[in-house]
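S.K.: Below you'll find the structure I mean.
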């Protein structure tokens, strides 16, 4: 995590997710104009939520032995109030991995990527737990 700039990678990951998977935009109706790539890339609410999402993702590091309970409230919020399709967590994590790979280049070794993917899978599972 020390190599990840949350203020840069968070917005880039969410922007990429909204552009590559446009159906994910339906959960962000209150964010204003998301009609074009330029609108998404310049939207301060998208950028802010990207930081929030990555900050939340970072929380799991401090609670590795209790990831599911750490994300229990967020799981309930996203499933029962926001009605977010849990597959969107996976899509966002895929976009985040691409952003991080772009930033780190060759420094992101296969072993590091494997550990990163395992971490993300645990968090995505915890966030989707309420849906099961």
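Cβ from N, Cα, C; glycine included.
Got these off Swiss-Prot a minute ago, pasting:
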DOMAIN    1-132  domain 'Globin'
BINDING   49, 78  heme b binding site
S.K.: Non-local Cβ contacts of residue 49 (heme b binding site) (under 8 Å, 6 or more apart, same chain)?
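M.R.: Once residues fewer than 6 apart are set aside, residue 49 (heme b binding site) is near 14, 28, 31.
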S.K.: Which residue counts does DSSP yield for the domain 'Globin' (1-132) in the helix, strand and coil classes, in that order?
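M.R.: The composition, in the requested order, is 109 helix, 0 strand, 23 coil.
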